[in-house]
Amino acid sequence: MEIFVELSAIIVIAMLVSLLMRVLKQPLIVGYIFTGVLVGPYFMNLIQNGDVIELFSKIGITILLFIVGLNLSPNVIREVGKVSLLTGIGQVLFTSIIGFFIASALGIDRIAAIYVAIALTFSSTIIILKLLSDKGDLNKLYGKIAIGFLLVQDIVATLILLFASSFGGGEGNLLSIALMTIVKGSALVFGMILISQYILPRISKFIAASQELLFLFSLSWGLGIATLFSMLGFSVEIGALVAGVSLSMTPYAIEVASRMRPLRDFFILLFFILLGSQMVLDNVAALIIPAVVLSVFVLVGNPIIVVILMNVLGYSKRTSYQAGLTVAQISEFSLILAALGFEFGHLSKEVLSLITFVGLITIAGSTYLILYSDEIYPWVEKILTMLEIKKNGSDRNRNNNYNSILFGYQRVGQEFIEAFRRLDLNFIVVDFNPESIKNLEEEAIPFKYGDAKDPEFLSELDLKGLRYMVSTIPEFDTNLMLIRKIRAVNKRIITILISNNREEALALYAEGASYVIMPHYLGAQYAVRLIGRAGMDRREYDMHREKHLAHLEKLLV
């Protein structure tokens with residue numbers, strides 16, 4: 001079949017399946033994977049040029065991770081690096097150990113059980129990034145942490161695949177492969193740091209003068225660096241992410257990301273279709289019981305492991321729960337590892353089919369869990385409370401005579417702390433990010449550790465005597481609950497909230513908000529007033545520019 005006709009037919013079928021998913025109010029990712037199963041060898045057998053489809057899907061993966069990298073500035077990495085590393089490594093260890101014993105209990109031989117255990121360990125970065133992007137949660141705390149530990153998983157998976165490939169081919173030894181990988185990886189990262197600090201800033205202004213050139217340069221940079229990493233034995237995914245991070249500090253990162261998104265959406269569609277078409281569904285009936293057992297472990301056990309690890313590290317039960325759900329599926333790395341094991345003769349076709357079947361169940365199941373996490377949370381909250389480890393020091397520096405409260409310390413919150421001090425108000429800050437709590441302790445700012453979404457925590461606060469309540473949390477549901485809870489006991493309070501959406505801002509005003517901060521609106525108003533006051537006086541603009549730069553640099557410290 002001609003590639004153009006083949007690709008056109010696949011896209012039309014994907015559109016029809018997606019329409020059906022939309023009518024049934026089901027996640028589109030499930031529709032894309034189902035499309036792959038339909039057009040694959042078990043049904044319509046439309047994919048004759050698999051290499052071309054695989055190439056397109058690889059481009060989609062590269063662009064997706066490149067865009068994520070553009071949003072991962074060094075400041076974000078510093079914020080969640082520690083918890084991501086510890087959680088990622090901890091989850092890999094615990095899942096692989098428990099998974100091995102479960103696989104052995106199901107009668108799988110020792111070598112195959114090791115493969116199954118490792119396959120259950122890794123979660124799909126690509127699927128999670130797509131789901132978090134669809135929910136608008138990439139920049140939330142749990143989203144940043146999840147991206148971090150999923151990338152730790154990817155690095156571990158890359159090393160395991162390198163080792164497996166080498167041993168399967170009878171070449172090299174573990175120590176030499178590990179040392180060479182570390183040396184090459186360190187050299188690459190060091191080189192990228194030098195380029196991003198000393199070369200990119202000098203050429204970015206010239207390139208940005210043309211929108212077409214900026215787009216072409218960004219695309220070539222992302223694909224080129226990803227290819228370089230691939231040639232040196234690393235995954236394309238890690239290379240694309242590093243390429244994005246290296247551009248994240250340029251002034252044009254947001255514009256580049258927005259221009260890349262339509263390209264990403266098309267090519268990533270083909271990735272999910274290809275994933276569905278490669279599912280091995282032989283002898284499904286005989287595999288149902290072991291597949292269900294292993295799938296339940298991935299869907300329930302993996303999130304519990306992450307919840308416990310993050311609780312130990314000091315994160316709230318809601319943040320831990322949301323991050324935990326992101327590991328409730330196996331990844332494309334798992335399927336690749338299983339295929340390698342089958343090729344080397346370590347796995348039977350039945351075990352290969354079993355891992356594939358678990359992949360299909362967990363990818364579909366985790367999609368629903370993540371998209372409907374807020375609706376599921378009340379049903380599991382009591383269990384999460386039982387798993388929760390109470391934080392020492394949550395009452396340190398606490399002011400028991402507060403008349404003002406600030407929810408959210410980061411970014412805009414620091415501005416309000418300065419304002420409260422100037423007004424000589426007794427205030428406390430509420431936050432659930434351990435890094436923020438650490439900063440509050442160091443600066444001797446009164447605080448209380450807690451989650452603004454937790455009704456039980458809110459009931460512990462003295463809301464009746466408050467004069468001011470400020471929330472810098474950009475989540476509409478959280479702000480809606482806060483204003484309803486507080487105004488139910490205190491009608492005279494001044495409430496200031498934040499929103500990035502017109503309809504949500506109107507809804508908050510309807511609930512009695514005193515003022516809703518809309519950053520885009522305020523920025524435009526300020527700029528209009530500046531034009532009216534300064535006219536063509538460049539000195540006035542330079543003065544405001546320098547003040548703004550000084551303020552931004554202060555926030556970065």
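Note that Cβ sites are derived from N, Cα and C of the backbone, with glycine treated the same way.
TrEMBL assigns the feature transmembrane segment to residues 325-345, out of the candidate ranges 325-345, 493-513.
If you look at the transmembrane segment (85-106), the same-chain residues 6 or more away from its ends with a CB under 8 A from one of its CBs are 112-114, 116-118, 120-122, 145, 148-153, 156, 290, 293-294, 297, 301-302, 305-306, 309-310, 313, 323, 327.
As a summary of secondary structure, the domain 'RCK N-terminal' (405-519) carries 47 helix, 23 strand, 45 coil according to DSSP.
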